[in-house]
Every structure is written in C-alpha cells, then in structure tokens.
Amino acid sequence: MPMTIQPQLYSLIGTNSQLLLAVSDNADIVYYGNRLPYATHSDLQQMAIGLERPIPFGRLDTDIAVSINPQLGRGNFGASALEGFRENGSDWAPVFTITAVKQDGNKLIIDCLDQQAQLGWQTQIELDQNDVLQLSQTVTNLGTSDYHVIRCANTAPIADNASEILSFYGRWIKEFQQHRSQLSHGGYIQENRRGRTSHEHYPAVIVGEHGFSDDHGQVWGAHLAWSGNHRMRIDVKADGRRVLQAEALYLPGEITLQPQQSLTTPTLYMSYSHHGLNTMSQHFHQHVRTSILKDRLHKPRPIHLNTWEGIYFDHDPNYITAMATEAAAMGVERFIVDDGWFLGRNDDTSSLGDWFVDPKKYPAGLSPIINHVHQLGMEFGLWFEPEMINKDADLYRQHPEWLLAVDGYDQPTGRHQYVLDLQNPAAFAYLFERLDHFLSQYEIDYIKWDMNREIVQPAHNNRAAGCGQVERYYALVDKLLAKHPKVEIESCAAGGGRIDYEILKRTHRFWCSDNNDPLERQEIQRGMSYFYPPEVMGTHIGSHCSHTTRRTHTMNFRGNTALFGHMGLELDPVKAGDQEKTAFSHYIQLHKKYRHLLHSGDNYRLSFNDSAALQGNMVVSKSQSDALVSINQLAMPTYCLSGRLHIPGLRADQHYTITVVDGPDNLHSMVNRQPPWLTSQQHFSGEWLQTVGLTLPIMDPESSLLLELQIQ
Ligand code: GLA
C-alpha cells in the first residue's frame, strides 16, 4: 500500500467564495467554490479525508495531485508549470519540495525548493473580499549556471463539473466576440503571438457548469493580466480532472535566468460565482474599482470629443478651435486632438517617431488651441503612438538601429510602420524625453496612447525579446506617470488591441474599438463587460453613417449605446446640424445625470428569450434605490410579442417608480398599442419586477429604450 501523507488544509475566505488548498509534499487546490460558512478550521482539517482519491490499477502506484505546480518528475503527465534547462541539458524536470507556507489573512505564500536542480519556486495566492483571486509564481535560479526558461505558468485545478467554456475572439473593429465550446476530452488552447494583448485573443476564459448564463450556473472566470504574448489552456486529464493554465508565452531563448535571478509570472485573476456571469462580473468590476484603479478615477469621467473621425489628418488650428468651441457648447468636458499634429504627418505612411509639433500646420504651436480648450473649461488631450516608427521619418533616418527587428531580415509593415526597440536605452530615453517635453511644456491633461501594429520580430541584440518589450513599455508609462502623476492615459491599440488588467494599473480608460457603429458596439461592449466596468470603456457617439460599416443609425440607438460607458463624441461638431447638436447635448446631459450611477453601481447584462435579437444592460446603485435599464432591440424580433422584462438587483420589499427616459421617436406610432406601463408613471415592487416582470414593448430593429427606476 502506498503511504498517504495527511495534507494540511489551508483556507482562503472571500465574501461569498472560498478556496481550500491541501498542502503535503505539493500544494493542490482541492476546492474553489461557495463559501462554507459553518466549517471551522479543525472541521475542515478533519473532513479533508473525504477528498482522498482512489488509486486505480494501470497507472502510477501513488495518487498524484494536479497541484498548483505540476511537475513531470513527480508524475504529472499534464503540462509542467515550469519547463527549462541548464546549458548542459540538466535540471529539465525539477521536483520541488515545499519548504514554507506563510498565511497572512487571505494571502498565502508557498515556498518550494529543488535542492538538486538549485531552483526556487514561490507561489503567491490571495483571495480578496471582492471574491477575486490573484495567483502568480516566481522562479529563482539558485545555481551557479544560467537557467533557460521555456515556460512558467500559473496553474489552477478547476472543478470537474466545469464542462463549458466562454472565450473571446475578435479582430480590428470587432473586438470581444463571444464563443462557447464544450470541455469533455482533450482541452482548449489559446495562444497569442501578436506582441500586444491583441484583438484576436483576449487573455481570458470563463469555464462553468453546462448551460451557464448571465444569471445561472457555477462559473469560474480567469484573466491573465499581461499586454503581450500569452497562452491559456485548459486540459481535461485522462482521469477526468481539469486544470487551467495561464502564462506569458515565451519565444525561443527569450528567458534566461542568470544565477540568483528571478522571474515572476503575470498575475492570473479569477473569480467564482454560483449565480452565473453577472455576479462574476460584479466581482471583477469591484476589484477593478478598488484594487486596480484605486482612487485614480477620483473625478467624474469627463465627456470627450475626439477629433479622429471628424478631421482625420486634416489639421487646421482655426478649424480645430471652432470644433472645440462647438464641443464645449454641447457640454463636452475633454477635447482630444488625435493623430495628424506632428512633423509631416499628413497620412499614415510617415512621421511616427518625429514627436515635434508640425510647424506647417501649427505655426503658432499647440498653445493657442490648448489655451482655448482650457478657457472653455475643458481638459486637453493629445494623441501619441510612442512605440512606433515609420521609415519615412527623421527618427528612422537618424537611428535605423532602433528598429525592433532581427538583423538581416526584412519584415512586413503594419499600417506602413515598424516598432521601436524599447530595450534599447537610447530609444527609451528619446521617447521619455519627447513625452516628458510635451507634458512639461504644455498643459496636457490626457494622452491617448496608441499602438497600431502587431509585432513580428521582437528582438533585442538579436535575441527574442517579446516580454522585454512589454516590460519596457510598462516602464515607460510608469516613468512618465511618476513625473506627471495627474495626467490620464487611454490605452488604445487600433481600438481594443491592448485591454487587460496590467495596463489598467497605469491607465484610466480603454478605447474599446474603432467601430462606433452602435449595433457592433452593443456586442463589443457586452463582451468587454464581463471583465470591465463601464467607467473604463471609451464609448463615443459617431457620425450618422458609421465610418467603419457604412450603416446609418438613429440618434436614439447611437446615444443610448454610448451612454453605458465613458461617453464621448467621435465626429466633427462644426459640420453637425442644429438638430443633431441638440441631440448630442441631450445624450451628453443624460450621461452627466447618470454617470455617477453608471460608474459606481452594480452592472447586469439582461437576457431575453429572443436573445439574438434583444439584449439589455442595467446598473443598480449600491443602495438599490436607483437603477437604469437599457433595452436594445438589435435585430427584427422573432415573434410579434417579445415576452417580459425581468429586472434583477432591486429590493424585493420596496416599490419603484419607472420612468421612460429615452426611446425611439416612433415608439408609439408603429403599433396599435404599447404596454400601458410605458405611458404613465407606474409603481411596481422589486419582487414583482424581478419575478413576474413587465411586458416588453414592440420595437424596431436597432433601437433602444432607457428606463429609470427610483425607490418610492
Ligand atoms: C488608431 C486608433 C484611432 C485613431 C487612429 C489614428 O486606429 O484606434 O482611434 O487614433 O489610430 O491614427
């Protein structure tokens, strides 16, 4: 009989979730689910025997835990958390022994050592009161020769009833698209080698019990906070156990640890809910608010006007001044001059890197515009794309060696441009000097920091350097913010190509997509809402005719879609007619009225029977006294009656007054009768609204209804 070592059980307790780790010669997550309110520590310790597995014939004679650090040398046949080797090929299958476990409240640090391979391994794991788990690993080379790391992954064993996956795919102008797949044998793998977080593979997966939905089912959400190449995989082991791994993806030879050097993985964020995805999202949103943004969004999010789709590269300071005047008159609070202001930048084929004001376009510099914007009471923002370079730029003519490239090879351009090697100290110093110059010289309140191409040859001194590039990018932002702590930064990468928690630690907003078509935006923002609260989602009202899809939409649909985020305008207000300007002001005023609620309350995605055609969002204040509900008819209703609206998150024992705040112009003229509750102010109990519901109106495709609920 193989000997059983009775494991020591460690418990991390969140508000609604709990994690149990069994620690013997290895550490294993044996439970991650609902909080166990009645179990005392000694109870747990005693009951852990109920988790010991049988040992079948035909396999190893010992039970092998999946563990948070699977190792081939221990008999884990899945992917080892650490893969690496020394120059002579040794130490490629380390076997770690736990040397210390330190628990400090809800934080656990587990130290491991492989004496023979001279490698240290530390796991940091924390479950916070928002029910968000953070997991990261540090490997240290304690030997006297270099250790080459091939992979170093965060590993989280997951429950065996997790049989369905929700993941996200996308592309430029179509970010955060949802995809469901089944998990039964084999597994799921997602790899990103595009050098930035990417539109294609948002670094997250959500797993759950079969058929999980926004308001139903056990779900475990996982997001890797990293803005570069990554790998996420879920393996169903041959014995039915399941394990999730998330890691930065290293290119060949990229990571070598010199003696005494350490490597820490990006953090894996997870959250568990047994009430479906809305609760999971609320955990993530609350964590983003309290632990990632902290108090950085200390003032109401100012309404933007961004010049890009209004004027593109056609910059005339007098015209831009007029745009600012019109913007302020409509209630805009931050005016951003986008691409086209710097030396020789007349289209997207040249000038990236030449961060000097173009004297031809701006003979008096930027100050007159900035002063004008400030005098109008708005903040001023400026677009940069610091990491990039065009070959047709003075910077390239002076420093062709600053290109991020493998010597001797050509490489494809992306939007006619190349990337700068940020690990080159001179290139880094140049960029810092230029950005610092602008922030010191001018009163710039906001930077739109763009990154418009993917990286194909991330090399420094010809060695692979994908991670190094990302780390130097973080360092550049950090250095800039250390000197200019008041400046706000938007993370943009051809729209939503760089959206993740690690960059959010140093930025204030994401540009979700270059697609301002509200029909597309509904899907994009919905996908993004699984992990991000509305206040970090840049949502702009674009022109009547979308620049990316050529579809046209009503103000109602455009305005209400932009409302559920950090709102702005993406158009030329000078060319807007009076009626349009009145409509823009209307939605700006609505956003101002509701932004506190939108940016602090609990968010819910609402689902209806006719889910492909009808969707909804809502936000409820923490006190549950106010709520805003948006019902969006995306496509032609399948049936002529759409069923009922159920409103969650309210106080069952209280009554609410419902007011229609905004709706399509033809709401009442297209049918014999809409539901009577729409036309007169009605009161319903929270219990009724959640359980019995209200009949939905009949709406045209691509229209939106906005309701306000107030406790009586
Ligand atoms: C990217 C951004 C746009 C705009 C342009 C400017 O595409 O996503 O919003 O800033 O670059 O070139």
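A Cβ is built for glycine as well, from the same backbone N, Cα and C atoms used for every other residue.
Note that the structure is predicted; figures quoted are calculated from it, not measured.
Look at TrEMBL and you will find 29-257 tagged as domain 'Glycosyl hydrolase family 36 N-terminal'.
Secondary structure at D450 (substrate binding site), as computed by DSSP, is coil. On its own chain, D450 (substrate binding site) has D339, W383, F384, E385, C492, A493, A494 as residues at least 6 apart in sequence with a Cβ closer than 8 Å to its own Cβ. Annotated substrate binding site per TrEMBL: W172, D338, D339, R415, K448, W449, D450, M451, N452, C492, D514, in sequence order.
Look at TrEMBL and you will find D450 tagged as active site, nucleophile.
If you look up TrEMBL, you'll see D514 marked as active site, proton donor. Its Cβ placed at the centre, D514 (substrate binding site) has 21 other Cβ atoms within 10 Å.
Of all Cα pairs drawn from W172, D338, D339, R415, K448, W449, D450, M451, N452, C492, D514, which the record names as binding substrate, the longest spans 19 Å.
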